[in-house]
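Here the structure comes first, spelled out in structure tokens, and everything after it is commentary.
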Amino acid sequence: MSTQKNTYILGIESSCDDTSAAVFYNDQVLSNIVATQEVHKEYGGVVPELASRAHQQHIVPVVDQALKKANITKNDLSAIAYTRGPGLMGSLLVGSSFAKSLSLALEIPLIEVNHMQAHLLVHFINDTNSKSPKFPFLGVTISGGHTQIVKVKGYFEMEVIGETLDDSIGEAFDKCGKMLNLSYPAGPEIDKHSKLGDPQKFEFAKPNVKGLDFSFSGLKTSVLYYLQKQTRQNPNFIEENINDLCASFQRKVVDILISKLEKAVKETGIKEIAIGGGVSANSGIREALIEKKQTNQWNVFIPKFEYCTDNAAMIGIVGYLKFKENRFTDLSTASKARYAL
Ligand code: KG4
Ligand code: ZN
């Protein structure tokens with residue numbers, strides 16, 4: 001254990017299309033600045049080369065802003081934590097090179113962070129009124145890149161017990177949203193329209209996948225075929241039914257997720273559930289989980305909205321947890337596009 005009590009950690013996240021920097025005072029967030037890249041919108045998905053270039057442009061001002069908002073200078077920092085992976089290699093390299101250079105210049109430790117672990121460890125950020133899950137808990141990472149159910153036995157002891165066999169849950173939202181002519185990323189758009197629609201109006205296919213694994217490609221195809229058939233008869237079908245289509249699709253996704261979680265709880269006997277990742281911002285998923293909590297079935301932990309989508313606070317908290325255990329890394333550590341838990 002580190003003997004230093006008052007630590008300031010800078011967290012840097014650059015795995016996909018958000019450039020973010022956060023400053024922590026021990027386990028408390030002092031700042032969490034996120035620059036979202038708008039450039040990808042017109043392409044309907046993240047363009048890796050454009051993402052790397054945008055990270056290059058954003059990283060210095062974002063870190064500057066995070067330090068200013070935290071009211072400290074870089075000389076006050078105790079360590080620098082950065083995302084090692086998984087993610088887009090070109091994007092990861094911008095964050096890791098920056099973090100390595102700064103740690104070298106300031107002569108302070110460097111801490112590498114697994115982005116997927118970080119999505120779950122946001123539950124250990126010390127915010128007012130926030131409670132943390134107890135080990136072991138079931139971590140549910142639902143994002144644009146992943147869909148996993150994880151048995152979390154300790155901060156750095158995680159075991160994947162279920163995952164998607166094809167598309168991630170975020171991809172399901174984004175790809176179906178594209179079919180519905182919604183802009184990228186379509187998850188939040190679908191969520192917005194769902195609130196105005198009838199979730200029972202349309203019935204899409206629920207995949208039949210064994211065990212705790214997921215599949216979303218069948219649902220996507222079911223939506224595609226249904227839309228093709230209907231728009232042949234009425235070219236305005238999507239426009240006229242957008243709210244009901246979104247609500248029905250979202251209901252199905254929530255249903256798929258909750259039934260797998262019910263199965264996971266039954267198999268493991270663990271009723272402590274903590275979600276993380278961009279899709280945990282979804283209101284349908286939140287409502288379904290809150291209902292489980294209110295009916296005393298599960299003890300549910302839902303992160304604050306700003307800690308759901310990619311952000312550097314999630315990297316900063318892991319930085320702090322690793323700093324306490326002297327889990328440092330060195331300059332030779334390579335970024336990893338794929339990085340197991
Ligand atoms: O965690 P994240 O920011 O990036 C990855 O690591 O992938 O997740 C991004 C994903 C996108 O697919 C986006 O559409 C989805 O999260 N998302 C949502 C919502 N907000 C973001 N999906 C459904 N409902 C939302 N409210
Ligand atoms: Zn993420």
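Any Cβ shown, glycine's included, is placed from N, Cα and C.
The shown structure was predicted, so the numbers you read here are calculated from the model rather than taken from an experiment.
Annotation comment: TrEMBL describes HIS115, HIS119, ASP310 as Fe cation binding site. Same-chain residues at least 6 positions away in sequence with a Cβ under 8 Å from that of HIS119 (Fe cation binding site) are, in sequence order, THR141, SER143, GLY276, GLY277, MET314.
According to DSSP, THR141 (substrate binding site) is assigned to a strand segment. What TrEMBL lists as substrate binding site is THR141, ILE142, SER143, GLY144, GLY145, ASP174, GLY187, ASP191, ASN282.
Per TrEMBL, domain 'Gcp-like' is recorded for 28-316. Predicted-model confidence for the domain 'Gcp-like' (28-316) is 96, expressed as mean pLDDT.
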Neighbourhood of ligand 1 - binding-site residues from HIS115, THR141, GLY187, ASN282 with Cβ under 6 Å: GLY187, ASN282
Sparsest-packed of the listed binding-site residues (THR141, SER143, GLY145, ASN282) - C-beta count within 10 angstroms: GLY145
Cα-Cα distance linking HIS115 (Fe cation binding site) and GLY145 (substrate binding site), given in Å to the nearest integer: 11
Rounded to the nearest Å - Cα separation of ASN282 (substrate binding site) and ASP310 (Fe cation binding site): 14
Non-site residues, in chain order, whose CB comes within 8 A of the mean position of the CB atoms of HIS115, HIS119, ASP310 at Fe cation: GLU13, SER15, THR83, MET116, ALA118, SER143, GLY276, GLY277, ASN311, MET314
Whole-number Å value for how far ASP310 (Fe cation binding site) lies from GLY187 (substrate binding site) (Cα to Cα): 14
